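So that you can see what the record holds, here are the features copied from Swiss-Prot:
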ACT_SITE  C113  active site
ACT_SITE  H250  active site
REGION    251-255  region 'ACP-binding'
ACT_SITE  N280  active site
Amino acid sequence: MIRSTVRGVGAALPRRVVTNKDLETRLETSDEWIVQRTGIRQRHIASDDETTASLGEAAALRALDAAGLAPADIDLIVVATSTPNNTFPATAVEIQERLGIRQGFAFDMQAVCSGFVYAVTTADLYIRGGMAKRALVIGAETFSRILDWTDRTTCVLFGDGAGAIVLEAEEGQGDISDRGILAEALRSDGSHKEKLYVDGGPSTTRTVGHLRMQGREVFKHAVGMITDVIEDVFGQAGITAEDIDWFVSHQANKRIIDASAKKLGIAEEKVVITVDLHGNTSAASVPLALNHAVSQGKIQKGDLVLLEAMGGGFTWGAVLLRW
């Protein structure tokens with residue numbers, strides 16, 4: 001059977017780093033308060049010349065370089081973002097043009113922090129269905145542009161950045177030993193939409209709006225939803241938590257990540273943590289963490305890797321793959 005295998009991974013972060021100490025000078029907050037509740041120590045914030053598309057392009061080029069491929073080898077681009085360059089056309093189309101790609105097709109996906117997991121799952125379906133051979137999947141965000149910088153409960157949490165992977169069709173045996181994507185599951189429940197949202201949009205307020213969040217409500221639901229969808233993936237693949245080599249979770253809050261790993265029975269040393277470096281970068285979070293683990297020499301060929309994310313909506317999902 002056809003599997004979608006990971007050929008390469010890449011990342012891009014804005015030049016400017018904003019530490020918790022920097023935020024202390026403009027908000028009634030403290031480094032201790034932020035670290036204790038979230039695990040975040042710093043985040044990257046885009047400058048005026050850095051956009052979702054430019055960051056996505058940079059991450060894509062690094063992923064292509066890691067894969068040993070040229071832009072002309074790509075026939076599908078899926079960009080997960082909630083902060084597109086324009087209302088339309090899709091940021092994916094702009095990145096396609098920036099890369100000089102004229103073939104194939106490109107589109108955006110919007111599932112907020114779950115976006116990259118949704119995009120990987122979607123690209124996998126196109127590859128297994130024979131509509132694409134090589135896909136560039138990008139998570140890119142400039143969340144700093146939709147933050148209310150007077151709201152200390154939200155603006156300290158988020159950062160900007162982009163991550164990308166190249167997926168390629170490869171023939172597998174159809175069992176758990178195959179390389180590539182082995183199982184995936186997606187969920188959404190719109191009854192929670194007012195717990196994490198942006199209070200603007202072209203069809204309603206005709207403005208961009210700002211991010212609003214009921215942090216305690218999100219935290220209350222997160223661990224249960226995350227572990228439920230992961231257990232679904234484990235069941236599909238016929239594995240247990242002990243079989244996992246690396247757990248690459250959405251990097252929103254270290255307490256949520258730790259609690260999810262503990263409930264699932266995933267050992268602490270298998271959990272990838274980058275929230276301290278990047279903050280919550282929404283759809284860019286998972287590929288940024290994945291790239292970090294690869295660049296640090298942690299994830300090796302043959303490792304069983306679990307990806308997971310949860311975001312506004314609520315949306316949530318998980319992907320199991322062998323590196």
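Cβ coordinates come from backbone N, Cα and C, glycine included.
On the structure: features taken from Swiss-Prot.
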{"residue": "C113", "record": "active site", "CB count, 10 Å": "30"}
{"residue": "H250", "record": "active site", "CB count, 10 Å": "30"}
{"residue": "N280", "record": "active site", "CB count, 10 Å": "23"}
DSSP-derived class (H/G/I helix, E/B strand, else coil) of N280 (active site): strand
Counts by DSSP class (helix H/G/I, strand E/B, coil) across the region 'ACP-binding' (251-255): 2 helix, 0 strand, 3 coil
Arithmetic mean of per-residue pLDDT over the region 'ACP-binding' (251-255): 98
